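In Swiss-Prot this protein carries:
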- SER40, GLU59, ARG60, GLY67, VAL133, HIS159, VAL160, ASP161, SER179, MET226: NAD(+) binding site (BINDING)
- ASP161, HIS176: Fe cation binding site (BINDING)
- ARG236: glycine binding site (BINDING)
Amino acid sequence: MDGKLRADEVAVTKSIIKSSFEMWMDLIEVDVVIVGGGPSGLTAAKYLAEKGVKTLVLERHLSFGGGTWGGGMGFPNIVVEKPADEILRSAGIKLKSVDGEPELFTADSVEVPAKLGVAAIDAGAKILTGIVVEDLILKEDKISGVVIQSYSIEKAGLHVDPITISAKYVIDSTGHDASVVSTLARKNKDLGIEVPGEKSMWAEKGENSLTRNTREIFPGLFVCGMTANAYHAGYRMGAIFGGMYLSGKKCAELILEKLNK
């Protein structure tokens, strides 16, 4: 269909600035900030938002999904096991049975983060990309929010002061680096927090330890996903993701209990 499109430059700029300002004013105070939009973070966001919790996901890259997109060594599939498959099915993700392995399923490594992200957004969560958490708000021995910066500014090495977001709870789902907990430990050595990092691969051990390691490790700060195993020196798992999704769900449930939702 041919037609005349209206594309006034000033109107475009005004629209972006106005809507962005309104968005930021609404996000300065939230219930939960999730740092890292990988598999566990997106899952936690979905379950929190479904219960009406004001949830904000901050992802440093321009796309969410973490390491899911690349599947296993670039092969575009991931593996998920029972009962975590139900989490993906609830987001409308198609799964394929594995011959001879009744507990295992494969899923498209592009479809999974795309649909899980949409499920979180549709539930009411807000996802912001290109934002890095460089510090935490620590008041009276409790985490009360995050200190954020543009990832582009950080990468450029520019000296620009950050801004803050207030939150009742913060989730570190940044993955292997456990960057939020590591920042807390580095800047507040008197707290005695250490991040030993994950061990080498042992898929079954790593998967089964994820939900056990998902917990509040400091007042107001939760760990889930690979951050939980990095903090507790658990094993890595590779391209099997069931534990990640179950960890995200458990983290949401723990916070919902705190919020009495």
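Each position is counted from 1, following the chain as shown.
Backbone N, Cα and C define each Cβ position, glycine as well.
Structure coloured by features recorded in Swiss-Prot.
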residue	record	DSSP (3 states)
SER40	NAD(+) binding site	helix
ARG60	NAD(+) binding site	coil
VAL133	NAD(+) binding site	strand
VAL160	NAD(+) binding site	coil
HIS176	Fe cation binding site	helix
ARG236	glycine binding site	strand
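Looking at the residues that bind NAD(+) per the record, SER40, GLU59, ARG60, GLY67, VAL133, HIS159, VAL160, ASP161, SER179, MET226, the two CA atoms farthest apart are separated by 32 Å. Of the listed binding-site residues, namely SER40, SER179, the sparsest Cβ surroundings within 10 Å are found at SER179. All chains included, 15 other C-beta atoms sit within 10 angstroms of the C-beta of HIS176 (Fe cation binding site).
SER179 (NAD(+) binding site) sits 19 Å from ASP161 (Fe cation binding site), taking the C-alpha atoms as the reference points. Within the set of binding-site residues ASP161, HIS176, ARG236, the entry lying nearest in space to SER40 (NAD(+) binding site) is HIS176 (CA atoms). The Cβ neighbour count for ARG60 (NAD(+) binding site), using a 10 Å radius over every protein chain in view, is 19. Put simply, of the binding-site residues ASP161, HIS176, ARG236, the one whose Cα is nearest the Cα of ARG60 (NAD(+) binding site) is HIS176. Of all the binding-site residues given, namely VAL133, VAL160, ARG236, those whose Cα is no farther than the 10 Å limit from the Cα of HIS176 (Fe cation binding site) are ARG236. With respect to Cβ neighbours within 10 Å, the binding-site residues VAL133, VAL160 differ, and VAL160 shows the lowest count. Taking the C-alpha positions, the distance from VAL133 (NAD(+) binding site) to the residue listed as 'glycine binding site' comes to 24 Å. Cα spacing between the residue listed as 'glycine binding site' and ASP161 (Fe cation binding site): 36 Å, rounded to the nearest whole number. When Cβ atoms from all protein chains are considered, those within 10 Å of ARG236 (glycine binding site) total 17, not counting its own.
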